[in-house]
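Beneath this line is the structure, given in structure tokens, with notes to follow.
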Amino acid sequence: MSAESLAVELRDRSTVLAGARRTAVSVLFGDRLGLTVFLAAVCLFGLVWRTTFLINDSVTLANGLYSLSNGQVALLEPAYGGTLNTPGVNSYGGREFARNYGVIALSLPYLLGLQALAAVVELRIALVGIWSLALLALVVQSGRLTDSDGVTVGGSLAVLGLFGLNVALARPLDPSAVHLYALQLFHLTVAAFVPVFCYRLLALAETRRLGLLAAVAVTAGTPLAFWASVPKRHVVTATVVMGVAYCLYRSRREADGPLVSRPRTFRALAYALVGLYAWVHAPEALLLCVTLALVDVPTAPENSPRTLALVGAAFLLSLVPFVLTNVAITGSPVEPPRLLSGGYSAGGDAAAGGGSNGGSGGGSASGSVGILAPLQPVLGVVESGARPLLILVDQLLVGFRAFRAEPADVYHTFVRSGSAQSTLSDTDAESVNLSLLESVPLLAAFASAVPALVRRRSSLSIPDRRLGPGRVADLFAATTVLGIVLLYTSRLPTHAQVTARYLFPLCPLGVYLIVRLPPIRDALQKHWRTYCWTVAGTILVGGQLALVAVALTVSGIGEAFQFHALVGLGTALPLGLWSLRGRNEGTAGRLGAALLGLTTGVTLVFVLLTTVEYYALGDSHALPMMRALGELLTLY
């Protein structure tokens with residue numbers, strides 16, 4: 001082969017690789033800005049990543065991954081925690097099983113990758129290297145977006161310095177805990193797509209600038225970074241609901257992506273996401289499926305047999321992992337492992353009682369059974385499919401009644417936690433579980449919905465069944481918020497929540513809905529610099545003030561959390577009042593942008609202090625420089 005032909009071949013291969021890279025970026029992140037959002041989120045999550053267990057439920061997942069990596073679905077031995085009697089373990093047929101098998105199975109590639117890295121380099125260096133590469137990629141992308149060589153060169157030198165600092169401070173990591181690290185890396189990666197979906201959705205519905213600002217609000221203004229590396233389902237749920245909203249939006253406009261050429265394909269993808277999520281948490285997946293169907297079918301441009309067949313096929317195909325796992329463990333395609341401990345016990349008891357009554361009914365009952373005998377297999381399938389729906393409806397009704405029967409609990413869950421007995425820590429009776437508004441004061445901007453609705457009252461008319469893409473996504477987000485609130489209100493508040501984690505999916509949905517409201521949208525669009533500078537100032541200056549205040553006035557973790565709770569409510573109140581006014585002209589708009597930035601920054605300050613000091617978990621940070629910072633800080 002001549003040198004010229006070799007050069008041509010290399011150039012062709014380079015062109016193919018460049019095209020594949022552009023396609024991958026477009027499919028996964030939308031554009032280069034979406035990729036930058038993803039990398040920034042990963043770097044932030046890496047800063048607060050702690051390589052140990054925060055909640056005992058995660059021990060079950062780690063033991064499940066250990067067993068699955070050794071070829072067994074059932075739990076083999078307590079590789080973590082010293083016992084298999086941990087929250088989330090279910091018994092069936094004399095064996096113990098984990099739950100959330102979708103998360104466990106999807107973490108296997110991360111486990112294999114970490115084991116491969118551990119074979120050639122120490123894990124402590126490998127994790128530092130992964131984070132440093134992500135930070136370097138962020139610097140390079142930022143340099144290209146700003147068209148600045150200075151950003152690229154200066155940032156690269158800073159990354160090199162941070163890498164050297166972390167290597168110098170590194171301590172050995174327990175190599176036997178690699179299953180936990182794999183689970184944490186999987187959740188961290190999934191969580192980074194929450195701001196990506198938020199950016200992509202609002203970039204289409206509004207502008208790229210608003211999409212980027214919303215991504216900042218989701219990443220910094222919610223506890224996303226706190227839960228990103230915790231092996232719990234909450235960030236997975238948030239990613240799924242935002243992904244479904246995005247697919248639903250794309251299904252209502254002409255497809256212009258590199259791979260998808262028909263809008264109905266995005267409609268099928270929305271249902272496929274829900275079906276795949278059933279492999280992780282079936283009850284929430286059922287709620288999302290019902291919500292999606294209620295919004296999608298009545299507002300769809302067309303429901304032809306061909307379209308419905310495509311949607312149904314995608315949904316059924318996505319359920320295959322869920323069904324196979326259930327059959328392998330319980331023998332039932334619709335009964336997941338998490339329901340083995342009595343999730344359907346009420347239904348089972350009712351069925352047994354019904355059989356007894358039928359036996360006392362005499363000949364007519366026997367005759368009815370004889371007539372229906374050929375249909376028993378079909379009726380059994382119908383009953384099995386209807387039972388989860390009936391349970392879901394019952395849970396939603398219980399949640400609705402809780403607003404009237406337990407107003408104090410609702411108040412402690414959504415507004416002020418205080419020292420309510422149900423919110424105290426089980427171990428030290430400290431008030432370390434914040435309400436939703438205390439942990440995400442940015443949600444006070446929901447008050448702007450009131451003037452927005454009042455202004456539209458005069459223009460109300462009979463709605464068109466075919467809503468626009470944005471209205472369909474809005475309707476899905478609002479309906480999902482309502483469903484999650486009703487599903488969990490009767491069970492909250494409770495211990496081990498920290499930031500009302502069961503309600504966490506409301507945070508990205510809430511940010512999306514807030515930015516869609518005209519007063520908030522206009523304030524951010526016109527005064528985005530004010531918002532960004534306020535966020536930065538709150539973190540850099542407000543964070544130092546918070547450090548001093550906690551060090552001087554706080555004597556325990558409970559007081560520290562209540563300090564942040566009061567700060568959160570103190571910033572939420574003026575934002576709520578401004579939002580109720582609904583005006584954003586001139587100074588009022590600039591004030592609104594500043595209040596939005598203030599509430600965003602306050603939450604990130606709380607997350608940083610919580611992960612570095614309050615819940616340092618033995619200074620177990622993945623990044624040695626964060627561990628060293630935590631060792632230096634002694635606030636109480």
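Keep in mind that glycine also has a Cβ here, set from the backbone N, Cα and C atoms.
Residues annotated as transmembrane segment in TrEMBL: 29-49 (among others). Under 8 Å from some Cβ of the transmembrane segment (29-49) lie the Cβ atoms of residues 130-131, 134-135, 137-138, 141-142, 144-145, 184, 188-189, 191-196, 199-200, 203, 208, 212, 215, 219-220, 224-226, 228-229, 607-608, 611-612, 621-623, 626, all in the same chain and six or more residues away from its ends.
Annotation comment: TrEMBL describes 116-139 (among others) as transmembrane segment. Within the chain, the transmembrane segment (116-139) has long-range Cβ neighbours (under 8 A, six or more residues past its boundaries) at 36, 39-40, 42-43, 46, 51, 151-152, 155-156, 158-159, 162-163, 166-167, 170-173, 175, 178, 181, 622-624.
Residues annotated as transmembrane segment in TrEMBL: 151-169 (among others).
Within the same chain, residues 28-30, 33-34, 37-38, 41-42, 45-46, 49, 51, 58, 61-62, 65, 103-104, 106-108, 110-111, 113-114, 123, 127, 173, 210-212, 214-216, 218-219, 224, 227-232, 235-236, 238-239, 242-243, 245-246, 249, 473, 508, 511-512, 515-516 sit at least 6 positions outside the transmembrane segment (181-203) and bring their C-beta atoms closer than 8 Å to a C-beta of that stretch. The feature transmembrane segment is assigned by TrEMBL to 181-203 (among others).
The annotation transmembrane segment is assigned in TrEMBL to 210-228 (among others).
Residues or ranges marked as transmembrane segment in TrEMBL: 269-295 (among others).
The transmembrane segment annotation in TrEMBL covers 307-329 (among others). Same-chain neighbours of the transmembrane segment (307-329): 73-74, 92, 97, 101-102, 105, 264-265, 267-269, 271-276, 278-279, 282, 300, 335-337, counting only residues six or more beyond its ends whose CB sits under 8 Å from a CB of the stretch.
Here TrEMBL flags 472-490 (among others) as transmembrane segment.
For 502-519 (among others), the entry in TrEMBL reads transmembrane segment.
Long-range Cβ contacts of the transmembrane segment (531-554) within its own chain (Cβ-Cβ under 8 Å, at least 6 residues beyond either end) map to 213, 216, 220, 523-524, 560, 563-564, 567, 593-594, 596-598, 600-602, 604-605, 608-609, 633, 635-636. Marked as transmembrane segment by TrEMBL: 531-554 (among others).
According to TrEMBL, the transmembrane segment annotation covers 560-580 (among others).
Residues or ranges marked as transmembrane segment by TrEMBL: 592-617 (among others). Cβ atoms under 8 Å from those of the transmembrane segment (592-617) belong to residues 48, 50, 52-54, 216-217, 220-223, 225-226, 432, 439-442, 444-445, 498, 519-520, 523-524, 526-528, 530-539, 542-543, 546-547, 550, 557, 560-561, 564, 567-568, 571-572, 574-575, 578-579, 584, 626, 629-630, 633, 635 of the same chain, restricted to positions at least 6 beyond its ends.
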| query | Under 8 Å, at least 3 Cβ pairs, sequence separation 6 or more: does that hold for the transmembrane segment (502-519) versus the transmembrane segment (210-228)? | reply | yes
| said: Should anything in the same chain at least six residues away from the transmembrane segment (210-228) have a Cβ under 8 Å from its Cβ atoms, list it; otherwise answer none. | reply: 33, 37, 40-41, 44-45, 47-49, 187-188, 191-192, 194-196, 198-204, 234-235, 238, 439-440, 442, 498-499, 501, 504, 507-508, 511-512, 514-515, 521, 524-525, 528, 531-532, 535, 539, 596, 599-601, 603-604, 607, 610-611
